Structures are given as C-alpha cells and as structure tokens.
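Enquirer: According to TrEMBL, the record shows the following:
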ACT_SITE  B:C89  active site, glycyl thioester intermediate
COMPBIAS  B:1-19  compositional bias 'Basic and acidic residues'
DOMAIN    B:2-151  domain 'UBC core'
DOMAIN    B:156-195  domain 'UBA'
REGION    B:1-21  region 'Disordered'
Amino acid sequence: MDSEDDMHDAHDVESLDDDFYSGDTPMGSEDGDAEYDFVDNESEDSEDVTSHRQQQSYTILSVSDIRQRQEEDIHRVSTVLSISRVAACVLLRHYKWSVSRVHDEWFADEENVRKVVGLLEKPVEMPNARELPCGICFESYSSNEMTAAACGHPFCSACWRGYVGTAISDGPGCLMLRCPDPSCGVAVGEDMIRMLASDEDKQKYSRYLLRSYIEDNRKTKWCPAPGCEFAVEFVMGSSSYDVTCNCSYSFCWNCTEEAHRPVDCATVAKWILKNCAESENMNWILANSKPCPKCKRPIEKNQGCMHITCTPPCKFEFCWLCLGAWSEHGERTGGFYACNRYEAAKQEGAYDESERRREMAKNSLERYTHYYERWATNQSSRQKALADLHSMQNEKLEKLSDRQSQPESQLKFIIEAWLQIVECRRVLKWTYAYGYYLLENEYAKRQFFEYLQGEAEAGLERLHQCAEKELQVYLEAEAPTKDFNYFRTKLAGLTSVTRNYFENLVRALETGLRDVGPSGNQANANKNTSPKSLLGGKGGKSGKAKVIGTSSRSGDEAWTMATIGLASTAPTRTRGRQTCARCANSTGRFGLCCLLLCD
Amino acid sequence: MLDTSRVQKELAEGNRDTETSGVSIALHDGADLTHLSGTITGPVGTPYEGGVFVIDIRLPSGYPFEPPKMQFVTRVWHPNISSQNGAICLDILKDQWSPALTLKTALLSLQALLSAPAPDDPQDAVVAQQYLRDYQKFVGTARHWTETFAKSASVGMDEKVKKLVEMGFPEDAVRAVLEATKGDENMALEKLCSG
C-alpha cells in the first residue's frame with residue numbers, strides 16, 4: 001500500500017525534472033517496483049528505523065544491483081544506437097551514465113559525439129607490412145605481434161601492457177584511455193583492457209567502472225558508513241533527504257552527514273565544524289581560564305602575579321581576582337598583590353556588576369556547552385538504544401517470549417518502541433544544534449521551539465524509561481505476569497504519543513516555526529529571520545510555499561514540492577492511514593489521534 | 001623498469017639534426033641513463049634568441065609510460081617557467097604525456113613554449129602579470145636574462161668547461177669547442193679527442 005503511494009509521488013516529481021528522467025522513465029519504474037518490494041521487506045524485518053513516518057524516496061543498491069543496472073544501461077544504449085557494447089560503455093562513461101543524455105547528444109550530432117568521445121565509424125586496419133615499428137619502444141616487430149585500437153596505430157604488446165598498466169595504476173582516469181599516439185584521440189575500451197591488462201589490473205579497472213557508475217551519476221551516492229558497499233539511488237525532489245542504508249546507517253543524501261532531519265544541512269555543517277573546533281577544548285577552557293573582561297577571549301593564568309595584560313591587540317590590563325581594570329588597583333585595594341576589593345565586594349554582596357560582566361563573557365561559551373552537552377548526550381543515548389535494540393532483537397525477545405508465554409509476533413510492540421526511541425534520540429539530538437542557532441531575539445519562536453522540544457523530550461524520557469526499566473521486571477519474572485497486557489498497552493501508547501510529539505516537533509522546525517506570531521503566516525514569513533530562513537529560498541512561489549521553501553539550502557524545492565503534493569494529492573497520500581479529525585494530520589500506522597497537542 | 005634501449009635510441013635520434021632543430025640531449029654524467037641534460041636554443045624573433053638553455057632531465061622508472069621530469073637549469077624569464085627554480089608548467093610533461101612522445105619532442109615543445117607563452121596558465125605569477133600588464137618591460141627583462149644567463153658564459157656552460165678542463169684539455173680549446181657544439185658536452189668531447 002505504502003509503496004504504491006510512493007511510486008505515485010516519485011512519478012509526480014520525476015516529471016518535473018525532464019532533463020534527467022525523460023529517457024529513463026519507463027525503465028526506471030520497472031526497476032523501482034522491483035526494488036521497492038525488496039526494500040520494503042527489509043524494513044519489515046525492522047532494520048529500517050525511519051520506516052514509521054518516512055516515504056521512501058530512494059533505493060538501496062548492492063554491488064550486484066549496480067552491475068546489473070550498469071549492464072542494462074550499456075545494453076540499452078548499444079541496442080538503440082546499434083554500436084558495440086564497448087563503444088556504448090565508453091559513451092555512457094563520457095556522458096556520466098545518463099542514457100537519455102547519450103541518446104540526445106548522439107541523435108543531435110553523431111559525428112561530433114564520435115569525435116569527442118573517440119569512436120570511429122569504421123575501424124582502420126594496421127598498415128599492411130611484414131614488419132612494423134612500435135611507436136613507443138621504436139623496435140620493429142612482425143605485424144602479428146602488434147596490436148592497435150580502432151585507429152590502427154600499431155604498438156607492440158609489451159608497450160601496450162606498459163601503457164595500460166600505468167594508466168590503471170594512475171587511477172580512474174584509465175576509464176577514458178586513448179590511443180598512445182598523441183595526435184590520435186581514439187578510445188581504448190574495455191575490450192583492449194581485457195586483452196592486455198594483468199588480472200589484478202583488470203579487477204581494478206572493473207572496480208573503477210563500477211565506482212564511476214555511482215560516483216559520476218547525480219542520482220546515486222555510496223553509503224558513507226565505513227566498509228559499507230551499498231549505494232543509494234535517490235529520487236530527486238523527494239520531501240526528505242534522510243536515507244537509511246541496508247547496513248542500518250542513516251545519512252542525509254544531500255550532505256552525506258549522518259541523518260539530521262529536521263535540521264537543514266547548512267546548520268549541521270556549521271555545528272559539526274564548531275564541534276571539531278571547540279568540543280575537546282571546551283571543558284578545559286571552562287575549568288582553567290577566565291575571559292578577558294574587555295575582549296572576552298579566554299585567558300589561562302599559568303604563573304606569576306595577579307596583574308594580567310591581555311595579548312595584543314586588546315592589551316587590557318586587569319586584576320585576575322576581581323577582573324577590574326588594573327589602573328584602579330594599588331594602595332587603595334590593599335596593595336597590588338592582595339586585591340581585597342574582591343573579598344570586600346563579595347562580602348558586601350555588592351559584586352553583582354562585575355560578576356555579571358564575567359557571567360556575560362562566560363555566557364557564549366556556556367550557551368554552546370549547554371547545547372553541545374545535550375546534543376552529545378542524545379548521541380550517546382541513541383548509540384546505547386541502538387545496542388539495546390539489537391540485544392532485544394537477538395536474545396531478549398526470545399527470553400521474554402519464553403517467560404511470558406507470548407509468541408514473538410505478539411511482542412513486536414517492544415521492537416517498535418525501541419525503533420521509536422532510536423529515531424527520537426536522533427531527532428532530539430539535532431534539535432539542539434537547531435536551538436543553538438535560533439536567534440536570541442526571536443523570542444516567540446524560541447519559546448514555541450523550547451515548548452515543543454520540552455514536550456517531545458519528556459515524552460521520550462517516559463518511553464525510554466518504560467522500555468528500559470519496566471520491561472526488566474517481566475524479563476526476570478519466573479512465571480507469566482498478569483499485568484503484562486497492561487505493560488503492553490502502556491508501552492505501545494507511549495510509543496505512539498512520543499511519535500506524535502516528535503512529528504509535531506519535526507513539522508514545526510521544517511516549516512521554520514511559522515505558526516508563531518500574531519500577524520499570521522504571510523507577514524510572519526517575511527519577517528522570518530530564523531537561521532533556516534536566512535539561507536534563503538527561491539522566490540516566486542505563493543506565500544505559504546515560500547515559507548516552507550526557505551527551510552533548506554538546496555532542498556528548498558524539495559520541501560515546496562512535498563507540500564504542494566500534500567495539498568493536491570492528499571487523498572492518495574493518506575490512503576491507508578488515519579487522519580485526526582481535529583488537526584487533519586495523518587497519524588501514521590496506528591491511526592492514533594495526535595492527543596494532547598491538538599487541544 | 002626503465003626501458004634503456006629506448007633511451008639509447010632517443011639519445012642517438014635526439015642529436016641527429018641538432019644544427020637545424022636547435023635541440024640536443026646528452027647524458028648528464030656519462031653513466032646514469034636516468035639523468036640527462038638537454039639544451040634548446042632560443043627561438044629566433046623572441047627575447048630568448050641567441051640563448052642556449054640547459055634543461056635537467058630525470059627519467060622516472062616508468063618512463064616512457066610516465067613523463068620525464070624536466071626543469072630549466074638556465075635561468076629564464078617566462079610566464080610558464082619559474083624564475084626561481086626553473087620548474088616548467090607544460091601539459092605534455094604532466095597529464096597530456098604520451099609514451100609515443102620522446103625527449104626530443106618534449107624539448108621541441110619547450111622551444112615552442114618559449115615562442116608562445118601561455119600567461120593565463122602561469123607557473124610564475126610575477127612574470128605572467130608583467131607579461132599581461134607591461135609587455136615591453138617583460139620583453140626587456142626576458143632579453144636581459146637571456147643575455148645574462150643563457151649566453152656562453154652561463155652557469156651551465158661553466159660547469160661543462162670545468163668538467164672538460166678537469167679531463168686535461170686546455171680551457172681555451174674547451175670553450176671554443178663548446179661554443180661550436182652549442183654546449184653539447186659529448187660532441188665537444190668527441191671533437192677535442194679527434195682534434
């Protein structure tokens with residue numbers, strides 16, 4: 001059911017991108033269907049942590065899938081253009097594996113394409129002589145010891161082997177190998193490689209060919225997880241960039257960082273950069289330094305007296321103890337080396353002013369630390385949850401089924417809960433990066449955001465607690481427990497409530513928190529200065545679409561299309577799902593109402 | 001491994017028409033086939049006219065499938081050649097190299113590069129900027145450098161003279177012969193031995 005809906009969407013979007021899909025559509029849909037079932041089955045097996053609410057807009061490809069597709073493309077071009085398989089491969093490689101592009105270019109100007117790519121219409125025979133000089137080693141050989149590409153420029157086998165071997169060890173450039181004669185551009189294709197290269201080099205070549213099919217193609221990317229051999233084909237214009245590979249790693253197709261929906265790629269990039277630069281140093285800085293009262297740079301006092309002079313260009317001279325200007329120090333303060341202003345002021349409680357100054361200086365660091373700590377904690381909490389999920393799947397479920405005399409099929413709600421926890425930890429983690437970049441002066445937005453985040457977080461904590469601690473009782477029980485059914489209802493309920501909280505949070509962030517503000521959507525859209533909207537969208541859309549369109553750097557069109565799609569094809573998209581009567585939000589597989597948040 | 005028979009053929013072929021091509025190749029120190037020394041004459045009608053430019057050539061073990069490493073020993077003022085260390089920016093010495101090219105064709109390409117600088121793809125930004133902004137001044141500097149470094153009293157020449165003098169030939173004769181052979185040590189040696 002779901003998958004059928006997805007295919008509708010995929011085609012809607014595809015047709016918008018003519019350049020890219022025009023040639024592929026008939027074939028693409030066939031592939032799509034087949035792949036779809038495959039992926040869907042996989043997610044039934046529960047690896048796919050995002051399957052709950054995500055429309056799948058991508059296909060995971062294994063190495064054999066890739067080879068098969070590549071072979072099909074080559075075959076198609078070779079059939080349509082009536083050229084050899086090798087020539088078709090050279091052509092596709094040149095035009096970045098776009099079948100439609102090859103067709104377009106070829107039928108527009110075949111002669112020019114042949115020239116550019118180095119394919120001759122008719123092969124040229126080698127010069128007809130008993131002995132021929134090799135153009136590389138300058139020795140003469142009898143003509144049956146010589147080899148030539150389609151151009152007929154003869155070189156001896158040893159030199160060919162050297163030429164091909166050097167090219168292959170130089171890297172993927174060997175896929176575009178030409179005849180060694182500098183005046184000749186004729187392509188040296190896979191047939192020559194098979195004939196001339198060593199076995200090891202042949203393997204390298206075919207690996208490059210495979211990689212090229214993924215790396216040169218705009219629609220496909222390798223999964224960035226270390227050691228993972230799967231690739232992902234993405235349907236351009238899909239509503240979400242989040243992709244979950246069969247290796248269970250989730251990543252953003254756009255920036256290939258770990259999945260970070262609902263936060264946009266630019267914010268994530270900024271955040272990651274900031275973390276690299278600061279996280280390790282943060283604790284140390286906080287523990288060992290004070291910020292210069294004037295320029296706010298952190299200063300470490302590693303020796304010497306209390307008279308601190310900040311480094312140029314600041315050069316501010318101050319007292320380490322009270323952080324006041326040194327010029328105010330001297331006899332009056334009990335001598336240069338015993339600043340009793342600090343003590344006295346502290347005793348009087350009249351130290352608020354400079355204490356506050358120090359507070360402010362520390363603030364920016366503290367603010368970052370606040371968000372970073374929560375980001376990192378959710379990160380590790382997610383890792384733990386993922387491990388718990390696996391141990392649940394692999395051992396505990398069986399044990400539980402034993403102890404409580406329940407068939408494993410009846411215990412799926414526990415896996416559902418853990419999947420939800422893993423996914424929510426991920427979302428929550430990224431909302432802290434979002435929060436860090438949400439401007440202080442966006443007061444209403446900040447409040448709304450923090451409210452949603454707080455609700456979601458509280459829900460998640462309840463769910464996590466229930467799945468982690470309360471379950472333990474039933475795992476350890478000697479005999480089936482009566483109130484296990486109560487536990488089932490509770491955990492399943494918490495799962496769906498938490499899901500709804502997070503769906504609301506995600507939706508709010510993806511639309512740039514536009515529900516806030518007394519002046520309505522349109523006016524708010526224009527004033528919208530959240531970090532997301534600063535990244536800008538393409539104008540020329542209606543007010544509503546524009547707000548949504550601003551939510552991601554290069555994904556703006558995707559979001560917009562998703563929303564338009566939602567409005568116009570709502571009946572199709574919500575088929576098989578339940579809709580909450582009050583908020584009109586679709587509520588996922590379980591058809592539960594969105595509960596509190598709609599009130 | 002280096003294809004020694006090809007290098008030997010190239011040495012013979014490279015010096016066949018030195019008079020007309022203005023290009024010659026010699027072993028740098030007599031035994032090592034991987035370290036050669038090339039010379040080109042400055043093309044007529046350019047600021048390099050009348051100069052003899054020595055180029056250090058090193059052959060990697062993958063030669064001729066990998067390009068030879070060439071570098072000007074004689075200092076030269078040219079947008080595509082470093083005025084500091086003589087490094088050359090020329091496509092056929094990098095990604096456009098083909099094993100069907102030879103040391104001689106590469107040297108001829110360098111000669112052509114002297115005639116037709118490509119300031120948009122510079123090796124030496126200072127020279128390139130001067131070439132584009134004040135062409136007359138560029139020509140003046142290039143000519144001055146040719147006079148100073150690429151005429152017979154050049155550093156490369158002095159080295160050769162010293163080497164031949166060490167072999168026991170009188171310095172006057174060495175200089176005269178080297179002048180006549182346009183700095184080709186091997187030919188000079190032959191002439192000195194036969195004369």
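Cβ atoms are placed via backbone N, Cα and C, with glycine included.
Automatic, uncurated: that is what TrEMBL annotation is.
Walk me through the surroundings of each of these features.
Expert: The secondary structure of B:C89 (active site, glycyl thioester intermediate), as reduced to three states from DSSP, is coil rather than helix or strand. Neighbours of B:C89 (active site, glycyl thioester intermediate), defined as other CB atoms within 10 A of its CB across all chains, total 18.
The list of residues near the compositional bias 'Basic and acidic residues' (B:1-19) in space but at least 6 beyond its ends in sequence, with Cβ under 8 angstroms from a Cβ of it, reads 25-27, 33-34, 36, 38, 59-61, 63-64, 102-104, 107, 182, 184, 186-187.
Averaged over the domain 'UBC core' (B:2-151), the predicted model reaches a pLDDT of 89.
Same-chain residues lying 6 or more positions outside the domain 'UBA' (B:156-195) and placing a CB less than 8 Å from one of its CB atoms are 15, 18, 22, 24, 26-27, 37, 39, 41, 52, 54, 73-74.
When DSSP labels each residue, the region 'Disordered' (B:1-21) comes out as 15 helix, 0 strand, 6 coil, counted as helix, strand and coil in that order.
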